[in-house]
Amino acid sequence: MDVRSLGADEAWDLFCERIGKVTLESHPDIPVLARLLVERCRGSSLALGVIGVTMTGKTLVQEWRYAIDALTLSAAKFSGMEDEILPVLKFSYDSLKDERVKQCFQYCALFPKDDIISKQDLVEYWIDEGIIDGKEDRYRAEEEGYEIIGYLVHACLLTEHKFPHSVTMPTLVRDMALWVASNLGEEKENFIVKAKAKLDDLPNVKDWTGVTRMSLSGNRIKNISCSPDCPKLTTLFLHFNDLDKISSGFFMFMPNLMVLDLTGNIGLDELPEEISRLVSLQYLNLSHTNIKELPRGLKELRKLVHLNLEFTGWLKGIAGISSLSNLQVLKLYGTCFYLDIKLVEELQLLKHLKVLTVSVGDAYVWERFMSITRLASCTRGVTLRHCEAGADGISIAATSSRLSVLEIYESNIREIKIAKNVDDESKNSPRSTLSNTWNFQHLVNVEICKCQGLRELTWLLFAPSLVWLKVKESPQIKEIISKDKAASFMNVEAYEIIIPFLRLRHLELENLEELDSIYWSPLSFPLLMKIDVFGCPKLWKLPLSSCSASGSNLVIYGEEEWIQNIQWDEEDTKERFTLKIIKSKVPAEHSHNQSELELRKRVAYLEEENLTIKLRLEKIEMLLWEQRGEQQQYMPPQGLNMQTVVHQQQTGSQSHVPGMQLLLQQQQQPNLIQDDVQNRLQEYSGMLLPQNVIHEQRHSKRTHPEMPSTSRDSSGTVNGDDWQEKVFQKITSMKEVYLPDMTEINHRVSAKLQNGFLPHQERSDEFEKLKLFKTMIERMIRFLTVPKSDIMPALKDKVDYYEKQLINFLNMHRPRVAAALQQGQLLAQTQTNARLNKKPKKKNSNNVEK
């Protein structure tokens with residue numbers, strides 16, 4: 001909701017809209033009292049909305065007089081518009097239904113100003129700190145948490161965000177929440193929120209003993225070495241800082257700490273053993289850190305109920321996890337280790353487990369895991385990667401009804417089946433109850449990529465809540481929903497017809513050479529917003545009619561030939577949707593035999609793997625430089641790379657880089673992996689055409705841009721520039737949105753570095769950090785300005801990930817325009833604007849947009 005100031009008539013109209021006609025006309029005196037109440041809101045649209053919702057349904061004159069008296073009495077303590085509005089919002093807060101809802105509301109103020117807050121994160125915090133009781137029934141507690149969020153949204157104290165499952169808190173409402181949480185401003189050091197405050201160290205606190213909650217997320221804190229005495233501290237947010245070291249004494253005197261969030265500290269690779277002193281800890285989030293092993297002291301945290309280890313790329317394993325006997329939530333999605341039989345057996349010992357996410361790399365382990373009803377029923381997210389399932393395929397247990405995310409990558413799976421419950425075997429007519437017992441009602445996201453053997457995905461009939469479906473590079477898939485197989489699931493005589501995709505919003509189909517059908521008849525798709533079809537040469541008909549997607553503005557993306565030749569049952573159907581062309585101009589190539597095609601695919605895969613390793617090495621290198629910068633006071637010159645240093649070591653040159661030998665030792669193992677990939681690349685490439693021929697063919701692709709976009713080789717494979725154009729278009733769109741801010745940040749950092757080059761000035765730690773920061777910015781800008789010809793296959797699946805990183809980066813560092821720029825900065829800003837403020841090309845007004 002906006003916070004603009006309204007005129008008297010606008011304010012009255014808004015208030016009447018919020019409160020409703022029934023309440024307003026319930027007593028002759030209420031309209032007069034309502035106008036007095038509107039005056040107290042001083043034209044604030046936010047205050048009018050909040051107080052309007054609060055007074056809805058109040059039909060007694062006494063209730064209205066009490067509200068006016070309460071606001072008048074409170075407002076007398078303040079001066080200025082914002083300070084007078086706070087008591088208005090406070091009245092709405094006082095009207096919340098119980099103390100528990102008030103505590104949940106205050107918790108929202110711990111997040112940064114204007115932050116996008118995940119509903120799931122909020123609910124988990126509330127449960128694991130004990131605001132909502134989840135000890136007996138966590139599932140019911142989660143439902144209660146989402147109900148409270150809906151209640152706060154209805155009260156205009158939170159606002160639904162356009163991102164799914166997210167909310168925001170209006171700025172004035174957040175100010176009121178902080179004011180209330182600090183005992184009306186009298187105890188500000190008890191509820192400390194310094195999120196995104198550009199802190200390099202912990203804030204100065206006069207009396208740590210009074211602090212109850214502290215949020216320091218989104219800062220630049222690197223080391224924590226103090227030992228504060230915090231007997232009342234229950235919540236500590238340190239996520240998305242630059243932490244690489246936490247001293248052994250930091251956790252010594254926090255006996256009541258219940259929530260500790262360290263996510264996003266990528267330099268953090270270990271925790272002190274003294275974490276065992278956090279005897280009351282119930283929630284620990286270590287996701288997106290580089291933690292290598294769990295400290296022994298972690299096993300002493302007997303009250304821990306929530307442990308998040310997702311995307312911990314260096315964690316070796318979690319042996320002994322069963323010692324945390326009270327765990328209810330364990331998140332292992334995206335870890336570098338896969339589930340194995342030993343870990344499956346240990347997970348069975350966690351008797352209170354209710355939420356589990358896992359990564360699996362073996363079909364046998366997966367089948368064993370799915371056969372354990374209690375583990376299957378609490379699984380929320382799964383990644384299957386490199387699974388060789390054979391002719392039998394894989395099974396998803398019917399008991400895994402709470403599964404919300406399923407991703408399958410680079411696997412050989414002939415079929416995805418639903419494993420019956422044991423109880424189903426005793427039923428005389430199981431088919432008539434399949435839609436009830438085999439219902440994955442929480443499954444919202446399915447992604448299948450590079451999966452060999454799969455021919456259809458008919459099991460998706462039993463995912464009624466599916467929101468996002470992405471299927472890519474799975475060459476044998478012929479149908480999404482098979483008519484014949486669907487018939488075996490449905491009992492037409494009992495009128496059991498399953499209508500799929502009622503909540504689907506995004507459908508992406510890419511490089512599916514055999515796909516010729518999504519569904520055999522038109523579907524309603526009431527919420528569908530986007531269909532993206534690319535490299536599907538046999539798919540010429542979509543399951544759409546003139547009545548489809550009536551509740552949304554459906555946009556269909558595809559190659560030009562495909563868009564122009566889609567088959568429509570009715571001419572009116574085509575006019576109902578927006579069609580957008582993804583340009584692709586691919587030259588014809590010579591046909592090759594099948595074995596050579598397979599070899600070329602293998603070479604492309606190894607090239608992608610090689611580039612991935614190089615990128616990872618680059619990240620490791622920068623991280624190591626940063627970690628050792630303070631002790632070594634050295635940053636490598638711009639032209640110095642690791643290969644140069646290796647050459648110096650081999651030739652006996654004396655390197656004046658302190659600690660370089662240690663750096664080389666830490667990079668030795670990844671380099672061996674890279675060498676192995678390079679050797680395999682050379683081995684496969686040697687079996688193909690000579691390098692000069694390959695170079696000539698690649699050159700011919702770049703010099704024949706006018707060739708038709710439908711060119712394919714004899715096997716029907718779509719040529720490689722299709723995906724390249726698609727990726728380029730995506731990056732171009734991102735460039736228009738993010739490049740201006742990135743450029744401005746780069747200019748600001750450059751100006752600071754130039755000011756640092758004073759005569760005889762020593763390079764400070766801040767100076768070295770700025771250099772590293774500038775390098776990171778320049779890499780982001782290079783990504784946004786990459787030429788089409790330089791886009792490699794490895795970038796194809798990472799664009800969405802990079803965009804998320806850009807958004808997170810800009811949320812933390814987005815520049816604010818200063819009142820007066822320095823002369824040098826002003827010149828740089830003017831030059832940047834001149835380059836960026838070009839007139840956009842006019843869009844084609846026709847139904848088909850190019």
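Each Cβ is built from the backbone N, Cα and C atoms, and glycine gets one as well.
Listed in TrEMBL:
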COMPBIAS  708-718  compositional bias 'Polar residues'
DOMAIN    110-177  domain 'Disease resistance protein winged helix'
DOMAIN    256-372  domain 'Disease resistance R13L4/SHOC-2-like LRR'
DOMAIN    432-542  domain 'Disease resistance protein At4g27190-like leucine-rich repeats'
REGION    697-720  region 'Disordered'
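For the domain 'Disease resistance protein At4g27190-like leucine-rich repeats' (432-542), the DSSP counts in helix, strand and coil order read 21 helix, 28 strand, 62 coil. For the domain 'Disease resistance R13L4/SHOC-2-like LRR' (256-372), DSSP puts the residue distribution at 28 helix, 18 strand, 71 coil. Residue counts of the domain 'Disease resistance protein winged helix' (110-177) by helix, strand and coil are 35 helix, 7 strand, 26 coil (DSSP-based). In this model, the domain 'Disease resistance protein winged helix' (110-177) carries an average pLDDT of 91.
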